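Q: Quick one: the structure is below, questions incoming.
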Amino acid sequence: MNPAAGFAALAAVCAATVLIGIYGLRISRTTGDFYVASRTVPPWWNASAIGGEYLSAASFLGVAGLILVSGLHGLWFPIGYTAGYLMLLLFVAAPLRRSGAYTVPDFAAARLDSRPARLVTSAVVVVVGWLYIVPQLHGAALTVRITTGLPGWAGAAAVVLVVVCSVVTGGMRSITFVQAFQFWLKLTALAVPLFFILLALGSGSRPVDTGGAFLPGAGPLPVYGTISLLVALLFGTLGLPHVLVRFYTNPNGPAARRTTVIVLGLLSVFYLFPTVYGVLGRVHTADLAAAGQADATVLLLPGRVVGGMAGDLLTALVTAGAFAAFLSTTSGLVVSLAGVVSQDLFRGSVKGFRRAAVLSALVPLAVALSTDSLALAGSVGTVFAFTASTICPLLLLGIWWRGLTDAGAITGMLAGALLSGGAILLAAVFGTGLGPFRELLEQPAAWSVPAAFLVTIAVSRATAPRRPASVSRMMARLHAPERT
Amino acid sequence: MNPDLPGAGRNGRTPGGPAAGPERVRVTGPRARGTLSPGRFTVSHELDEQSEVGELFIRSLIRSQLRLALVVAGGFGAIVLGVLLLVLFFPGSYGVTVWTVPLPWLLLGLGIYPVLLACAGLYNRAAARNERRFRELVSEPER
């Protein structure tokens, strides 16, 4: 493909992001604006922003790559990513908005009336955020390498640079603009090339499906793997820090619920596109799977099918969409991490927020540059397992169960972190040497999430006298509807 | 002080939320939600008085919302489990095709999403109904 088109696409997306960020700066004034856009964003706008922030490298590139490699079973990823929002709607959205906290640690502190619980939650949130940023930077490295021929680190560094600039100057308010824009950019960047691809396939009498696209995958049935993956994705989404912080930008509880329903609709439409790319990729870019470059399916398919000048333009559009995905998810994570870090380390000032933003972006950059890319959807899946085992029990039990104590929440989070984190590390280090246990350790969510819940409940029961005195008031605050 | 905004206003401004100053109006959008300030007037503040009746109302609201959420989640979970079992253990379902696309691909790639949206829409209406009932119950005696 033509590197000039790739460069132009990257430059355009970065420029648009920075420009919208500067526009946002002009109307972002108070500390409230900086952290959560003063909670005045209307549902449609907020939903687009949530979609823009959530659709990461794993969704834009990873889903198609996964379908290319593992066929039908790859379809469970977008289902889990979307259904996670249903769980968020059912159990978390409105009460969390009413809690009035800025971040998950704020929620823990308010609900449990405990400083240690707040600190442990902060530490977990920071780990989750960093783990989640790393695959975004790997995706950026892959995209830059394939579309421009530059070394991969340039892509990761560019993402971090643009994100830090836009976050430091505008905070959450401009991020909301940027992310809403980037959702629609991502959708367009997949939909328009797909239209031309199908047109070219239709008119050129080339087969859309040679029969091989839909064959069931070989090998044993991944029963445990699929169930564990679904547990991780369903319960991991509601603990993701960058998703949660978005809900505070809703004006009230019912608006938070409405926003979530709109997000579900937007995601349902969006995931049709990577799915079709994956299916077409099984016919037209099948060689990428063997080359270990399955994640490049979305980037290469337009050029392979359409070709020529038109192919270059379409590739440039897809590249722009991919870069929007890395930028928006990374900036969302950096905003939420900076919110957490600055409240605990820098006492919540705007200056502290800026410092924390730089810190939150540089650490994962260092990790990304010193590690190699795995399959994008897979590595994001392990982050979901970790989140589901740590933050999810705190949120669900904190919102719905009066009996939760700070000791229970802390031991539950630590147990979940040790179990899921340890299992994933073991699987990564020993790999095939683990035999039949490998699958159990690679996808720990099916057992580590229930274990974390059990530990949390058991310790809370044993330390029942530590229940905060404010629990009745807090429950009323979380669940009583706003008056209008 | 507005307890809905912990940590806000550290730069010296009052945490007035959306209604803080004239410049806020510009960004609230056409729906002008900025005129209602949640949190400041919530029922929960009346219930801060901790009357036993209020506590009872809140407990029953929480119970009904939790039951609703569990029912919707359970229903969706059952549907997903059904599709999962069909896909994994009935290879014959690959023989059923629409426009050359086999049934399992249609179900997983397309069919689950409308179910998801229907669950979300139903839940949203039912949750709002629960809250409306609660509001009627709580606000009646004082108006």
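Numbering starts at 1 and runs along the chain as displayed.
Heads up, the Cβ atoms here are built off N, Cα and C, so glycines get one too.
From TrEMBL, here are the annotated features:
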type: TRANSMEM; residues: A:6-25; note: transmembrane segment
type: TRANSMEM; residues: A:45-69; note: transmembrane segment
type: TRANSMEM; residues: A:75-96; note: transmembrane segment
type: TRANSMEM; residues: A:117-133; note: transmembrane segment
type: TRANSMEM; residues: A:153-171; note: transmembrane segment
type: TRANSMEM; residues: A:183-203; note: transmembrane segment
type: TRANSMEM; residues: A:223-248; note: transmembrane segment
type: TRANSMEM; residues: A:260-280; note: transmembrane segment
type: TRANSMEM; residues: A:313-341; note: transmembrane segment
type: TRANSMEM; residues: A:353-370; note: transmembrane segment
type: TRANSMEM; residues: A:376-401; note: transmembrane segment
type: TRANSMEM; residues: A:413-433; note: transmembrane segment
Q: Restricting to CB pairs under 8 Å, which listed stretch, A:75-96, A:183-203, A:223-248, A:260-280, A:376-401, is in contact most with the transmembrane segment (A:413-433)?
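A: It is A:376-401, which has the most Cβ pairs under 8 Å.
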Q: The transmembrane segment (A:45-69) vs the transmembrane segment (A:376-401): three or more C-beta pairs under 8 Å (separation of 6 or more)?
A: yes
Q: Between the stretches A:117-133, A:153-171, A:223-248, A:313-341, which wins on the count of C-beta pairs under 8 angstroms to the transmembrane segment (A:75-96)?
A: A:223-248
Q: Find the member of A:223-248, A:260-280, A:376-401 that has more C-beta pairs under 8 Å to the transmembrane segment (A:183-203) than any other listed stretch.
A: A:260-280
Q: Restricting to the same chain and to residues at least six past its boundaries, which positions have a Cβ under 8 Å from a Cβ of the transmembrane segment (A:117-133)?
A: 56, 103-109, 239-242, 329-330, 333-334, 336-337, 340-341, 344, 360-361, 363-364, 367-368, 380, 382-383, 386-387, 390-391, 394, 406, 409-410, 413-414, 417
Q: Verify whether three or more Cβ pairs under 8 angstroms connect the transmembrane segment (A:260-280) with the transmembrane segment (A:153-171), leaving out any pair fewer than 6 apart in sequence.
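A: The answer is no, given that the two segments have fewer than 3 Cβ pairs within the 8 Å cut-off.
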Q: Short question: which residues 6 or more past the ends of the transmembrane segment (A:223-248) have a Cβ under 8 Å from it?
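A: Sequence-remote neighbours of the transmembrane segment (A:223-248) are 36, 39, 46, 49-50, 53-54, 73, 76-77, 79-81, 83-88, 91-93, 96-97, 101-104, 125, 128-129, 132, 172, 256, 259, 329, 332-333, 335-337, 339-340, 381-388, 390-392, 394-396, 439-440, 442-447, 449.
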